[in-house]
Amino acid sequence: MAGGKAKGTSLRSEKRTTRIDKDVKKVSATNKLLSYAYDLLWSYRYFHVIVAILLAVEVVLGVLIIQKIPYTEIDWKAYMQQVTQFKNGERDYLNIRGDTGPLVYPAGHVYIYSILHWVTNNGQDIRLAQYIFLGFYLITISAIFAIFYRSRVAPPWTAILVCTSKRLHSIYMLRLFNDGIAMMFLFIAVYLCCRQQWRLGCLVYSFAVSIKMNVLLFAPALFFLLLQSSGVLRTIGYLSICASLQVALALPFLKTFWWSYLTKAFEFSRVFTYTWTVNWKCIPEHIFLSKPWALFLLSGHIVVLIAFLHKYFFSGPQGLSVSALVYKPFTLRERVPIRVERIVTSLCVVNFVGICFARTLHYQFYAWYFPTLPYLLWKTNMPLIFKAKVLIICEFAFNTFPATDVSSTVLHLSHFMLLASLFTASDESKYQSYLDAETRQDLTHFVNEECFDAARQFAMYYGSVTEELAEGAKVVSIDEQEIVLRLPKMNFTLAIGFGSSAPVTTEGYARRVLSGMSKEAEDGLARGVNMGQVMTRDYNEFKKNNNEAADDGELNVQLRRRK
């Protein structure tokens, strides 16, 4: 069992119990349906049920939206005009145009909408296109749910928040923007990275970039994740995969008018229209269009980005070391697994930094980051009311048309409040998953019935209870932090903390912890000692070795670690 400080014990009235255990017991006794609902919202054991319900609701809601709300023509017709020219043989990006202007998206966009052009009868069957985009939307939120499940940073019920955006539904089903398709592939790539499938993740990520280059906002975090996980040599290989796909997709254009393709598909100097900006209506148009303003935003983006990259990749005992990277950089090293939480957090935060300093945010750009907002909010220490306010303000700003100085200002306030909270939050800031009622009952049965004499041994070893008084000890409650024993001969309960092994949030991990405790207690009693005696011995040895009394903090570090 992973170590740190020793298991804590305490005596208390038999009527008392742990907080969550008390709540669940009370609810269970009153209404089993409410107990199940409580577990459904707070335990990932039933997350698949929430997902199934949400997807079913989204299917029905999506059909109603498509059938009842009029489609709004913005870019679909222009996309179809552009891919028609491509299918007719045009390869010069400067000559491929639609009603809304020239083609400004990479080759992946052209291929995706060429397929849609074919499927929808040359773009005429818009209703069919809407249903296809409903499918894209369902895949997108499914990928988000899968990321939530693997990272477990936010409570399960926050998956509901992902489905609450009016604007997001509109972007996918009523506007048919390419932003939704790009983000669908991006979130699939993030999920693959969560599974440590870096090669396939890079391939899908590169394809997302080929649809719309805003996906490049995730690139800095992905680069350092690859370095941290795989070393320099493998990272070069992964980047080669990304580059090779870009070249392969763009080859028809690169062979003929390569300069036109590079300058239009990846046009970083593009000037945006003030009319459509959501985030900068709080400044005059001449400032919005000025180059000094663009340079100011770029500088702010770089500075804040460096600060977050340092926080996530170069600080702490597991941070990247420049000297380690340059030492034999081309040696093929064994891959190092990275925590899912670190992967998702760094990718989403780095993207959000780009959002905060974007030269403009159009209404469809909301798809770039709204699905990640619940995750980001639960990575902070903000009170729940402020988390709700951030979500409401963002939704308000992106549903205000035309944008006003007020809507833009409050949007920035919410963005930068969240950004500051993310920077100041510790890496451990997250929802703590808990053991649902059924799992706790199973674990109680495991100790009482499957682990022979474990409860009595726990009382004797961890609680320093005599053999006579420990007779008849039974486990009455288990939660994430402790196991509670009832001692009938003392008319008390004994709470034994899991110490550094806490929180115990899954049944499999809990069984390993309890089995380790049982083995430790059995071995200790066989030697004729209990935990109190072991702690006293270790403390005396510590004093002897250091020639002075230690304070509590030092003692916690020196106490014997559990194996």
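Just so it is clear, glycine is given a Cβ too, placed from its N, Cα and C backbone atoms.
Tertiary neighbourhood of the transmembrane segment (46-66): same-chain residues 36, 39-40, 127, 130-131, 134, 137-138, 141-142, 145, 148-149, 156-157, 159-160, 162-163, 169, 173-174, 436, selected by CB-CB distance under 8 Å and a gap of 6+ residues from either end. Annotation source TrEMBL lists transmembrane segment at 46-66 (among others).
Annotation source TrEMBL lists transmembrane segment at 131-151 (among others). If you look at the transmembrane segment (131-151), the same-chain residues 6 or more away from its ends with a CB under 8 A from one of its CBs are 44, 47, 51, 54-55, 58-59, 62-63, 66, 116, 119-120, 158-159, 162-163, 168-169, 172-173, 176, 180-181, 183-184, 187-188, 190-191, 194-195, 340-341, 343-345, 371-372, 374-375.
Annotation comment: TrEMBL describes 171-192 (among others) as transmembrane segment. Distant neighbours of the transmembrane segment (171-192): 62, 65-66, 69-72, 74-76, 79, 105, 109, 112-113, 126, 129-130, 133-134, 136-137, 139-140, 143-144, 146-147, 150, 198, 200-202, 204-205, 207-208, 211-212, 214-215, 218, 343-344, 347, 363-368, 371; these residues of the same chain sit at least 6 beyond its ends, with a Cβ under 8 Å from one of its Cβ atoms.
The transmembrane segment feature in TrEMBL is assigned to 204-226 (among others).
Annotation source TrEMBL lists transmembrane segment at 232-254 (among others).
Counting residues 6+ beyond its ends, the transmembrane segment (293-314) has Cβ neighbours under 8 Å at 220-221, 224, 228, 283, 287, 320, 342, 345-346, 349-350, 353-354, 356-359, 419, 422-423 in the same chain. For 293-314 (among others), the entry in TrEMBL reads transmembrane segment.
For the transmembrane segment (204-226), same-chain residues at least 6 beyond its ends with a Cβ under 8 Å from one of its own Cβ atoms are 105-109, 112, 178-179, 181-183, 185-186, 188-190, 192-193, 198, 234-235, 238-239, 241-243, 245-246, 249-250, 265-266, 305, 309, 312-313, 320, 338, 342-343, 346-347, 349-351, 353-355, 365, 368.
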